[in-house]
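Below: one structure, written as structure tokens.
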Amino acid sequence: MDRIRLRGGRPLRGSIPIGGAKNAALPLMAAALLSEGPLVLTNAPALDDTRTMAGLLAQHGLSVEHDTIARTMTLGGTATNLVAPYDLVRKMRASVLVLGPLLARYGEAKVSLPGGCAIGTRPVDLHLKGLEEMGAKIDLDSGYMNATAPGGLRGAKVFFTQVSVGATENLLMAATLADGMTELVNAAREPEIDDLAHCLIAMGAKIEGIGTDRLRIEGVKALHGATHPIVPDRIEAGTFACAAGITGGEVLLEGAKLEHLGTVARVLREAGVEVEEAPRGVVVKRLSGLRGVDVMTEPFPGFATDMQAQFMALMAVAEGASMITETIFENRFMHVPEMNRMGARINVHGSSAIVRGVSRLSGAPVMATDLRASVSLILAGLAAGGETIVNRVYHLDRGYERLEAKLAAVGADIERLPG
Ligand SMILES: CC(=O)N[C@H]1[C@@H](OP(=O)(O)OP(=O)(O)OC[C@H]2O[C@@H](n3ccc(=O)[nH]c3=O)[C@H](O)[C@@H]2O)O[C@H](CO)[C@@H](O)[C@@H]1O
Ligand SMILES: C=C(OP(=O)(O)O)C(=O)O
């Protein structure tokens with residue numbers, strides 16, 4: 001199993017290209033099930049998760065070609081197998097996003113229940129309830145969701161009792177081919193949802209309310225192929241912003257969009273990191289010391305839970321204390337004991353972590369438990385004296401493309417140890 005070895009203490013300087021967003025690419029790829037295609041996605045990232053989604057769609061019968069040099073993915077065809085098997089769904093929860101499109105276009109689907117994962121229980125009840133309100137019949141049997149809609153899905157008013165990115169995406173895709181008008185109330189507003197909506201419109205869907213928590217979708221008989229550029233990855237950008245901040249460097253996040261960084265940019269500024277729009281992206285630099293800032297994770301436009309661990313690494317070396325409250329997932333502090341092994345002073349009390357900044361971390365062998373926890377340990381390693389070895393790098397490869405190469409190109413002392 002590969003590991004990452006790094007030695008901290010070098011300020012990062014230069015330019016880092018930001019790839020297409022993992023969390024946009026996955027639903028966009030699932031949207032290929034809604035039409036014969038071809039759906040051409042440009043700015044497509046080459047990640048373990050996009051490879052897993054490609055494998056899932058291919059076993060459904062779609063043709064999926066990813067030109068990783070041109071960064072273009074072409075998807076199309078007819079699904080010949082409507083089953084999403086446990087082995088793929090357990091690898092990647094976003095596999096559940098095939099449920100809505102399969103049901104909408106083919107009237108049936110059998111998708112493995114994803115189950116919990118390292119960061120929480122992550123149920124799919126909101127996806128199922130919404131689809132049932134649109135006329136689907138769903139039985140849970142032997143770990144699978146057996147869904148049918150013999151007469152097709154019909155439009156409905158769906159109220160989400162909790163904001164869910166995945167449920168909003170599944171229902172949005174399903175509603176494009178439903179009979180009549182669907183209204184999604186208390187919908188998630190993440191930029192990746194806007195991106196999906198714009199792609200669906202390019203495929204012939206009728207959607208209003210993009211960017212708000214109320215999406216209105218008028219079903220159409222069929223969708224067609226389209227070409228769509230995947231939005232830049234705001235979490236990758238935010239991660240590299242923290243890398244520049246924690247090392248005291250200056251980095252251009254090439255292609256990043258400041259408006260998508262939202263609260264993360266505001267909080268970084270409060271912490272002493274400059275974040276400014278530039279002609280080719282976003283420039284991040286730190287000129288003075290870091291200050292402790294309190295944050296609470298929230299659905300967009302609030303502070304992203306997917307940035308919580310990385311921000312904690314920054315706060316671990318800030319002056320003063322910071323309270324970081326995680327409101328989205330119940331178990332997303334697994335990086336804390338590993339950071340503490342590197343000399344951080346962090347205590348967890350329920351859903352909050354109190355971070356008392358220290359002047360220096362020290363490198364150590366650490367164990368990654370999930371995607372963002374892994375990268376937060378790399379950030380801590382960039383600020384630490386001595387050598388850090390991050391084990392279980394496979395988590396990192398789910399969501400970061402050539403992370404070590406991108407960091408090395410701006411001056412980090414980092415390498416992958418193949419294992
Ligand atoms: C591939 C992708 O885009 N993943 C992102 C997506 O995950 P994902 O779509 O799985 O996350 P959700 O927004 O659905 O989850 C938010 C909260 O709602 C709960 N919930 C969700 C669905 C449901 O049916 N019932 C329920 O209770 C979840 O357990 C969680 O506590 O949004 C998360 C929250 O921004 C991010 O951390 C993930 O990176
Ligand atoms: C939690 C994440 O992803 P997923 O929903 O795919 O597990 C993430 O990207 O941080």
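Cβ coordinates come from backbone N, Cα and C, glycine included.
Cross-referencing Asp139, Asp141, Asp306 with the UDP-N-acetyl-alpha-D-glucosamine binding residues that TrEMBL gives (Arg93, Arg122, Pro123, Val124, Asp125, Leu126, Ile328) picks out Asp306. Averaged across the domain 'Enolpyruvate transferase' (7-407), pLDDT in this predicted model comes to 97. Across the fold, the C-alpha of Pro123 (UDP-N-acetyl-alpha-D-glucosamine binding site) and the C-alpha of Cys117 (active site, proton donor) stand 10 Å from each other. Long-range Cβ neighbours of Arg93 (UDP-N-acetyl-alpha-D-glucosamine binding site) (same chain, at least 6 residues apart, Cβ-Cβ under 8 Å): Pro114, Cys117, Arg122, Gly166. Cβ packing within 10 Å was compared across the recorded positions Cys117, Val124, Leu126, Ile328, and the lowest neighbour count falls to Cys117. Of all the binding-site residues listed (Asp125, Asp306), Asp125 has the fewest other CB atoms within 10 A of its CB. Of the listed binding-site residues, namely Lys22, Arg122, the sparsest CB environment within 10 A is found at Arg122. In this structure, the binding-site residues that sit close to ligand 2, with a C-beta under 6 angstroms from any of its atoms, are Arg93, Asp306, chosen from Arg93, Arg122, Asp306.
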